[in-house]
Ligand SMILES: [Zn+2]
């Protein structure tokens, strides 16, 4: 299981690179330069393109997202952050606390070789050592000049925004490999989407700040957000099923998108809130177009939401497999019963990667955190039919949670204080949505 987990994590790490940069990874054909990923002793990589076929090791306990991303950043030419030529302006290395024989890990890289790209020193970089790295047990080896960053250095959750910027500058990326669109409807922008309905005098989907019957706010600015004073409440899209008759349909369609990756998989991620009748339906379609003369396109139903109301915004994923230019269409359909609300959607994200195979959403996290017991996801299945649960353990010192995949020991997993998701604009929601993405069924 350990190998399966490592493989899944590595594939997820590749997808994160595809989402955030123009870097792509593919199996080797005849290429002279390549990376051979092995399970050797420890986690390591050479810096840059040094050997024709360099070995990169994802050893035991190295199978976490950020560690894999860290090693691949080395292979992509990155040194450790505290090796920058100007690091003495930002951190102090306490050599008296460094274990004998390991001092060379704290050497500086000269100005011409430093990977700086005109960007500021980044305490939050996934390439920065933690304060106790190579300590002989007599205290920290790195002290930040600004004390508030002392506990920040060494984060191993994800690429920092500056890591991403640096990667994109070094590789001259103008776009990303897999990211297509994100629409938060903030500032009242529809991101080029259109609405229509089959009812006169009712345009169907509307952009609102709150909806009759709920929700009271958009997804990303819930009232208990830590930034509650600074944030303007945002917009979301709402289709009422309280007005109009049974069979009324309201459609919201995205602008045209073009699949660019050969794999022809796309993941649509969005948040929804259902405050209507349980017979109301939200259909998710794609409409594919043969060529520029095809004005109608061909519609295929890809997903459906119906049933009881929700008490919170819920995350939802729909796997798409468009092979031609396509639009996504959200169709709210009024059912038979009485409704005092409708469907709402927010923070739509479309990427050319596989959807997560499992997700676990913890609502009212701040309250549920109090009992500090393990929270289990609904049962998930691997492609071979093995059942498993995802588990999340609240982590008091590093709010909010520690996650573990089944093969991992709960006591050795990383603490994860951020949300896992696809959104490049990472949304910190107080009713914390924790997204666990496992790619167990990938070949
Ligand atoms: Zn390293």
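Keep in mind that glycine also has a Cβ here, set from the backbone N, Cα and C atoms.
Summarising the environment of residue 71 (active site), the number of other Cβ atoms within 10 Å of its Cβ, over all protein chains shown, is 22. Annotation comment: TrEMBL describes 71 as active site.
Among the features that TrEMBL reports, Zn(2+) binding site is placed at 70, 74, 80. Less than 8 angstroms from the CB of residue 74 (Zn(2+) binding site) sit 44, 45, 46, 47, 48, 56, each of them six or more residues away in the same chain. According to its DSSP assignment, residue 74 (Zn(2+) binding site) is helical.
Taken from TrEMBL, the feature compositional bias 'Polar residues' covers 220-229.
Annotation comment: TrEMBL describes 1-174 as domain 'Peptidase M12A'.
Residues or ranges marked as domain 'MAM' in TrEMBL: 181-357.
Residues annotated as region 'Disordered' in TrEMBL: 209-232.
Within 10 Å of the C-beta of residue 80 (Zn(2+) binding site) we count 21 further C-beta atoms, all protein chains included. On its own chain, residue 70 (Zn(2+) binding site) has 43, 126, 127, 156 as residues at least 6 apart in sequence with a Cβ closer than 8 Å to its own Cβ. Cα to Cα, residue 71 (active site) and residue 80 (Zn(2+) binding site) are separated by 10 Å. Per-residue pLDDT, averaged across the domain 'Peptidase M12A' (1-174), gives 91. Summary of the Zn(2+) site environment: with the site residues 70, 74, 80 set aside, the chain residues having Cβ atoms within 8 Å of the Cβ mean position are 45, 47, 71, 73, 78, 79, 126, 127.
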